[in-house]
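K.L.:
The Fe cation binding site feature in Swiss-Prot is assigned to HIS191, ASP193, HIS266; the stated evidence is sequence analysis. The 2-oxoglutarate binding site feature in Swiss-Prot is assigned to ARG276. According to Swiss-Prot, the domain 'Fe2OG dioxygenase' annotation covers 169-284, on the basis of sequence analysis.
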Amino acid sequence: MDISNLPPHIRQQILGLISKPQQNNDESSSSNNKNNLINNEKVSNVLIDLTSNLKIENFKIFNKESLNQLEKKGYLIIDNFLNDLNKINLIYDESYNQFKENKLIEAGMNKGTDKWKDKSIRGDYIQWIHRDSNSRIQDKDLSSTIRNINYLLDKLDLIKNEFDNVIPNFNSIKTQTQLAVYLNGGRYIKHRDSFYSSESLTISRRITMIYYVNKDWKKGDGGELRLYTNNPNNTNQKELKQTEEFIDIEPIADRLLIFLSPFLEHEVLQCNFEPRIAITTWIY
């Protein structure tokens, strides 16, 4: 059946019906199979507990109020995360240079013979940044060209460490990092970063951290991240609201957005400027 001429939203639904769930992998998108990309009606029955029996003496970055917001609202925004203009500029330059040197690849969904691409669904270019257990970038050639990005990743590791040190039984498994560049006209349709269940506790993304480095971004440039705020993790919310509530988060430089990977749907609105640069680290 040829569905190439159908509207994008119809193609999405058809692809969702004929696809089979698959586990996350480094070559796929943040929604790693067609089913996860399309079928956004799934709701997990496993909650992410970020506020019980906290070891408050280990707080360095967060406090009880911020963790409560992350658990109940599902997201947290930290502006001026690095608060270092020189570092921000260097991270921007390193990121864009990776793109200009053709180190990024066009993003797609799924992998192998099942991999598919459609810029009307997802239009970014990506590069995976792999670090070892000692927080060293595994690719030595890459390491020498993104020293300031690695500095940022060290700072994001401190957040992961604080989750482990403050929240009993958080027990992070690993992190995964991706550099993404969108050009003018690029977008990414509504999706979740993972689906959380008792059978996949060790393979699911739990926390998404997105760092933006878009200098001189202004209203009208597009590329906002539309975050849908119906949060199934909120135990006080007896049932999800039928109306879709959302906030549009501006991708301004030195802004860090943190949200619950399995629960909050989101999309990248069409970019009217380029490059739109985001560095995402997921905590498993």
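Glycine residues also receive a Cβ, built from the backbone N, Cα and C atoms like all the rest.
Here the structure is a predicted model, which means the values were calculated and not measured.
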K.L.:
With helix taken as DSSP H, G or I, strand as E or B and everything else coil, how many residues of the domain 'Fe2OG dioxygenase' (169-284) land in each class?
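P.N.:
Split into helix, strand and coil, the domain 'Fe2OG dioxygenase' (169-284) gives 3 helix, 47 strand, 66 coil.
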K.L.:
Report the mean pLDDT of the predicted model across the domain 'Fe2OG dioxygenase' (169-284), rounded to a whole number.
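P.N.:
Mean pLDDT for the domain 'Fe2OG dioxygenase' (169-284): 91.
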K.L.:
Could you give the Cα-Cα distance between HIS266 (Fe cation binding site) and ARG276 (2-oxoglutarate binding site), in whole Å?
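P.N.:
Cα-Cα distance, HIS266 (Fe cation binding site) to ARG276 (2-oxoglutarate binding site): 16 Å.
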K.L.:
Give me the Cα-Cα distance between the residue listed as '2-oxoglutarate binding site' and ASP193 (Fe cation binding site), rounded to a whole Å.
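P.N.:
Distance (Cα to Cα, whole Å): 19 Å.
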